[in-house]
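Colleague: The structure under discussion is supplied below as structure tokens; questions concerning it will follow.
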Amino acid sequence: MEPGNDTQISEFILLGFSEEPELQPLIFGLFLSKYLITVFGNLLIILAVSSDSHLHTPMYFFLSNLSFVDICFISTTVPKMLWNIQTQIKVITYEGCITQIYFFLLSAVLDIFLLTVMAYDRFVAICHPLHYTIIMNPWICGLLVLVSWIMYILNSLLQSLMMLQLSFCTNVETPYFFCDLSQITQLACSDNFLNYMVIYFTTVLLGSGALTGILYSYSKIVSSICRTTSTQGKYKAFATCASHISVVSLFFSTSLGVYFSSASTHSLHSGATASVMYTVVTPMLNPFIYSLRNKDINGALKRLFVM
């Protein structure tokens, strides 16, 4: 294929994890089970929150939104991967790749936003309980989610449109099982400096900014808990935050590590493996972490099944 503009590129090759035929059924079954567990588990949380009036609070409003985004997040990558394994054709069309990048970015940044807002919600609930209903009122919560959707739709649209300006040569293979923005940009044979500047700027702005907000919130929470004299009060406060801390740690440690090491050639395959943690594993674990450690969700699920 001769170098040219992006209209000459018809498809990209997604190498995935293994080219050995005997491993393909195992990989297919593993990812199919993870996908079904993720969708079913997050749907249960959405149904539990929407059906139980006791859970109509800001904390569970954001949790149900997180579950919805996680379903969208995993659905942008895994179904295509399963289709490629089933058909034994490891390709994705140029249009499909750009579309996948758009929805993947949108879901990822919404995940980051919701994790940050959930940390702030716990900070207000524990450190300023008397002002909680005023600060986290339903109107503010709805406005936060609406504004974030608008902002991140525009951000994803900008990144996708910038991809359309790139031209690609004969090397259209990526070690990832999905169209990762930084990896596809790296394949371009035209000048991609501006694209990388935007990628790293938004990564630092969204990732580091969100992580700073989360760390600040939990530093204040820990400080407030340490000043509490009641042992039962300390345990209850830590229990309300433990689930969220687990999810945040897993998501940020893998996603930021992958993106900041994406420029290193030797780390491509390890990065592709690590990307599974935040694209597949984290959305799958969310329902287990939040339901198993949360009495309110457990109670709502029991009442839901009884109904």
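Cβ coordinates come from backbone N, Cα and C, glycine included.
From TrEMBL, for reference:
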{"type": "TRANSMEM", "residues": "26-47", "note": "transmembrane segment"}
{"type": "DOMAIN", "residues": "41-290", "note": "domain 'G-protein coupled receptors family 1 profile'"}
{"type": "TRANSMEM", "residues": "59-78", "note": "transmembrane segment"}
{"type": "TRANSMEM", "residues": "98-120", "note": "transmembrane segment"}
{"type": "TRANSMEM", "residues": "132-154", "note": "transmembrane segment"}
{"type": "TRANSMEM", "residues": "197-216", "note": "transmembrane segment"}
{"type": "TRANSMEM", "residues": "237-260", "note": "transmembrane segment"}
{"type": "TRANSMEM", "residues": "272-292", "note": "transmembrane segment"}
Colleague: Return yes if the transmembrane segment (59-78) and the transmembrane segment (197-216) have at least 3 CB pairs under 8 Å (sequence gap of 6 or more), otherwise no.
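Modeller: No, since the transmembrane segment (59-78) and the transmembrane segment (197-216) share fewer than 3 Cβ pairs closer than 8 Å, they do not count as touching.
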Colleague: For the transmembrane segment (197-216) and the transmembrane segment (98-120), does the number of C-beta pairs under 8 Å, pairs 6 or more apart in sequence, reach 3 or more?
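Modeller: As far as Cβ distances go (cut-off 8 Å, pairs 6 or more apart), the transmembrane segment (197-216) and the transmembrane segment (98-120) touch.
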Colleague: Over the domain 'G-protein coupled receptors family 1 profile' (41-290), work out the mean pLDDT and round it to an integer.
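Modeller: Its mean pLDDT is 84.
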